[in-house]
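J.: Dropping a structure here in structure tokens format, bear with me for questions.
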Amino acid sequence: MFKRLRRLRSSENLRAMLRETRLNIDDFIAPLFVIESDSCIKNEISSMPGVYQMSMEPLLKECEELVGLGVKAVLLFGIPKHKDATGSHALNKDHIVAKAAKEIKKRFKDLIVIADLCFCEYTDHGHCGILENASVSNDKTLEILNLQGLILAESGVDILAPSNMMDGNVLSLRKTLDNAGYTHTPIMSYSTKFASSYYGPFRDVANSAPSFGDRKSYQMDYANQKEALLESLEDEKQGADILMVKPALAYLDIVKEIRDHTLLPLALYNVSGEYAMLKLAQKHNLINYESVLLETMTCFKRAGADMIISYHAKEVANLLQRN
């Protein structure tokens, strides 16, 4: 006797009723890039078609469209006019992301604004903090990250997302926020972030490529599974409210491993290189793009992700509304 498993696949309605993993637009976070400019700017990135550097008005228009589609959250990255060795623009109370957060919350009070907390977009060397002897100083970087986090919390950001991969960054930030009265501001930590070649196109849009070396001394080795789990569990211990794995496609084993060891919400970042690959395949008619897109996003959830940060968020929202 054998089990006839095909019985439960015999019709579309039966398959739909028994589907274990379902996509919902509430799962998605849309990353947005705001550029400091006195002009109206909306620059499409050649390596990421459909992704733009936007000044304030186009950014607000994009938020309006996302809200109309049911997207509940955006993740902001800033592109300043001025960069220097210490990323001092990020410590200005009127810096580009702080201003954008204020404007978004004025117009769309229910839209969740998440701010990336790092210095690579603000430093002239493209590394994620203060340099000492051509290396990023962990503890000095924590000091300025805390200041940046406080400015963003004061500007009305709903969630802070430290992406710097400095040791102790979650505990240090949590203490700073709590001492300033921001006890209800959650931290979504980039808890397991790999030193990955999949980030290539992001550095085009954020103008954040390192001017020398790489980030392997602070971002994780992609060969390591146990260390990946340790990083996220350590951030949970330090007080992270949400954990994250970045990148996504080649790291679903890591997502599953962390999911099995934590009860915290788990985000996954579907990064620029992954986005660009699907877009290139679409351009050359190599795949059924919409089917592959929905399959990919469903597999992210099946692996254990509760939230999906993706440049495809708007496309997925449109597809889910149609279907």
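From the backbone N, Cα and C atoms, a Cβ is placed for every residue, glycine too.
Below are the features listed in Swiss-Prot for this protein:
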type	residues	note
ACT_SITE	K193	active site, schiff-base intermediate with substrate
ACT_SITE	K246	active site, schiff-base intermediate with substrate
BINDING	C118, C120, C128	Zn(2+) binding site
BINDING	R203, R215	5-aminolevulinate 1 binding site
BINDING	E231	Mg(2+) binding site
BINDING	S272, Y311	5-aminolevulinate 2 binding site
J.: To the nearest whole angstrom, state the Cα distance for the pair C118 (Zn(2+) binding site) and K193 (active site, schiff-base intermediate with substrate).
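T.: Answer for this pair: 13 Å between alpha carbons.
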J.: What's the number of neighbouring CB atoms sitting within 10 A of the CB on Y311 (5-aminolevulinate 2 binding site)?
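T.: So the Cβ neighbour count for Y311 (5-aminolevulinate 2 binding site) comes to 25.
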J.: Check each residue in the chain of K246 (active site, schiff-base intermediate with substrate) that is at least six apart in sequence and keep those whose C-beta is under 8 Å from its C-beta; list them in sequence order.
T.: S163, Y190, T192, K193, F194, S196, L268, Y269, V271
J.: By CA-CA distance, flag whichever of E231, S272, Y311 among the binding-site residues is nearest to C120 (Zn(2+) binding site).
T.: S272
J.: Radius 10 Å, atoms counted are CB only; among the binding-site residues C118, C120, which position scores highest?
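T.: When each Cβ's neighbours within 10 Å are tallied, C118 tops the list.
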J.: State the Cα to Cα distance, in Å, between Y311 (5-aminolevulinate 2 binding site) and E231 (Mg(2+) binding site), rounded to an integer.
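T.: E231 (Mg(2+) binding site) has its Cα 25 Å from the Cα of Y311 (5-aminolevulinate 2 binding site).
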